[in-house]
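Asks: Sharing a structure here in structure tokens format.
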Amino acid sequence: MKTSQRNPGFVGDDGNSTTSTLAMSSLAAETTTEAEQEADKSTGGRQGERATWGKGVEFLMSCIAMSVGLGNVWRFPFTALDNGGGAFLIPYLIVLFLIGKPIYYLEMVIGQFSSRGSVKVFDLCPAMKGVGIGQAFQVFMLSTYYASLVAIFCRYFVDSFHSPLPWATCRDEWGKNCINAAPSEPGDEQNGILNNTDRIISSSELYYVKEVLREKDQIADGIGLPNWELVIGLFVSWLCVFLIIRRGVKSSGKASYFLALFPYVIMGVLLIRAVTLPGSLDGIYYFIKPNWGKILDPKVWYAAVTQCFYSLSVCFGNIIMYASFNKFGHNVHRDATIVTALDTATSLLAGFTIFGILGHLAHEIGTDDIGKVVKGGAGLAFISYPDAIAKFKQLPQIFSVLFFLMLFVLGIGSNIAMTSCTVTAIRDRFPNFKQWQCSLLIAVVSFIIGLMYITPGGQYMLTLVDFFGASMIALVLGIAELYTIGWIYGTDRLCKDIEFMLGRKVGLYWRLCWGIFTPLIMTIILIYFYATYEPLVYNNQAFPAWAYGIGWSITAFGVMQLPLWMLVAIIREPGNTLGEKICGAFRPKKNWGPSDPLLREQYNKQIEHELMPKRGQGFWGSIKQNILG
């Protein structure tokens, strides 16, 4: 058997000869018997019982489907627009370089190196196990409301086959302040009041609020009952997720090709169409025109960090989970570079497409101020874009079908990763729990929870859970993860692990980011987040006290996993004194390392050899060695 088949990433990209570390790991790999290979194949490629991706490219495609999602298509264009337009790209690229890419590579490395999911990976520091459990809870909450957005996409996708489009014209029950989204004929009486934006509401907006959401003005008296049409969409969403993940990476890996590539086909078609429309170039220029006055605004840098953080899906456990199904030695350095670069390129591509179409919309209604036709957030997908499509004079249904099909596929791709993360966390703890049974259980429970998001007060609850269940928990646990791996486990040991696994030296850039820049910048962002905290509102409506009680309870449950499991680890740790127990709880477990027993034996011998010279260095000497090597 050739070593390259067992560890394809062992030869460094620079073509240099392998180190002594590499020689030991290669020797261990070569001693793998044919019987062990057959055993791996029979269990999907896993040493033991864990499956592996059928092909390495399936991992890459799955990461693309996960990271390139709704945040790129509707969040990035308007985040950039609100924070300096083209000037926003400067802080965003800096943040990507110092935070996004380092964390992405970090999570790929520890997942692949240990073949452990997002919870068990914290065997590298048992006292911090609560980080993984909190992230599993957080990503579960996130997946429940993410599916509700996919349900709305499903509703719009079906509506897109109607002629005329159902949001193109006003209805009597919507009131007299409605204006048709469809093209107006010359002499139409509505044309004379187009500029009176204080009184006029587009039919596409009223359709979204009154027909799709059936939204309540406030939720003081409850959130109401689910919309049965959206219930069907929610069921379809979770059915798709279950069917794709029911066999684990065996099935989701095959689906990843479609989920990753198909949205680009649609986006390409829409972009070509967009740039051929009158006024489209004005919209694109409006998107990229820099406002240099905002580049020193702290809010712009905060927006860049949050956009990068959520767009790439870092510190949620998804990347660790996907990488844990890789074969030892897979070139994750290459994959991390591809995904992070493609994520940024997709955001720009989506911005050109969206604002090209909105520029055409502004041209159609006769205004030079494109800002008047722009609505951010959900308003882009369900108001601005449908409004623009309705004004197409030829076959608007085709473009509507393509757009909402793209959003549906993007949403499913991201939700597959989040749901798989929860399933993997459970099955790592209860390995006898079959994949399809666990997937079905999570899908059913998530469907039931998701019903509250498709009620008349559902968008209030979605805003609440997004803020308290995702944003607040993600920042705290993400920072804890960075300090755990970079400082407690140690950047130097992490780099040794990478050298053992991939056969490549780790550069100073990665060491400085993992050991200093990335955790400290994230800490500053967390401080800024709490310093600028304001009461949560939706549609200018404050949330009632009971809603805040739910929100803070969700946050507390996620964050309190950290001290709770730290206490449990210290109590369980053997030792004669409290100090011994604490120190032991912050050291890696004895079984930490590669899942292959032979590789782990060689790894443990090497680590012991590497750690011997560090003993007796003193505190500052240890810190310097830990970060700089």
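One is the number of the first residue shown, and numbering goes on along the chain from there.
Backbone N, Cα and C define each Cβ position, glycine as well.
Residues or ranges marked as compositional bias 'Low complexity' by TrEMBL: 17-34. TrEMBL lists 38-49 with the feature compositional bias 'Basic and acidic residues'. TrEMBL lists 1-49 with the feature region 'Disordered'. Sequence annotations record features per position, and here TrEMBL assigns transmembrane segment to 56-74, 86-106, 136-158, 228-245, 257-281, 301-325, 337-358, 401-426, 438-455, 467-489, 509-530, 550-571.
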Asks: Do any residues of this chain, six or more beyond the ends of the transmembrane segment (86-106), have a C-beta under 8 angstroms from a C-beta of it, and if so which?
Replies: 79-80, 287-292, 294-295, 300-301, 303-305, 307-309, 311-312, 314-315, 319, 332-333, 336-337, 339-340, 343-344, 478, 482, 485, 494, 510, 513-514, 517-518, 521-522
Asks: Same chain only, please: residues at least 6 beyond the ends of the transmembrane segment (301-325) with a C-beta under 8 Å from a C-beta of the stretch. Say none if there are none.
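Replies: Same-chain contacts beyond the flanks: 46, 50-53, 59, 62-63, 66-67, 69, 71-72, 75-76, 79, 82-83, 88, 91-92, 94-96, 99-100, 103-104, 107-112, 114-119, 121, 132, 135-136, 138-139, 142, 248-249, 332, 339-340, 343, 347, 414, 417-418, 420-421, 424-425, 471, 474, 477-478, 481-482, 521-522, 525, 528-529, 532.
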Asks: Using a Cβ cut-off under 8 Å, which residues of the same chain at least 6 positions beyond either end of the transmembrane segment (438-455) come close to it?
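Replies: Distal contacts: 140, 143-145, 147-148, 151-152, 223-227, 230-231, 233-235, 238-239, 241-242, 245-246, 419, 422-423, 426-427, 461-462.
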Asks: Which listed stretch (56-74, 136-158, 401-426) has the most C-beta pairs under 8 A with the transmembrane segment (550-571)?
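Replies: Maximum Cβ contact count belongs to 136-158.
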Asks: Given pairs 6 or more apart, does the transmembrane segment (136-158) have at least three Cβ pairs under 8 Å with the transmembrane segment (257-281)?
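Replies: Touching, no - the transmembrane segment (136-158) and the transmembrane segment (257-281) miss the threshold of 3 or more Cβ pairs under 8 Å.
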Asks: If I count Cβ-Cβ pairs under 8 A between the transmembrane segment (467-489) and each of 56-74, 228-245, 337-358, 509-530, which range comes out on top?
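Replies: Checked against 56-74, 228-245, 337-358, 509-530; highest Cβ contact count belongs to 509-530.
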Asks: If I count Cβ-Cβ pairs under 8 A between the transmembrane segment (56-74) and each of 257-281, 337-358, 401-426, 509-530, which range comes out on top?
Replies: 401-426
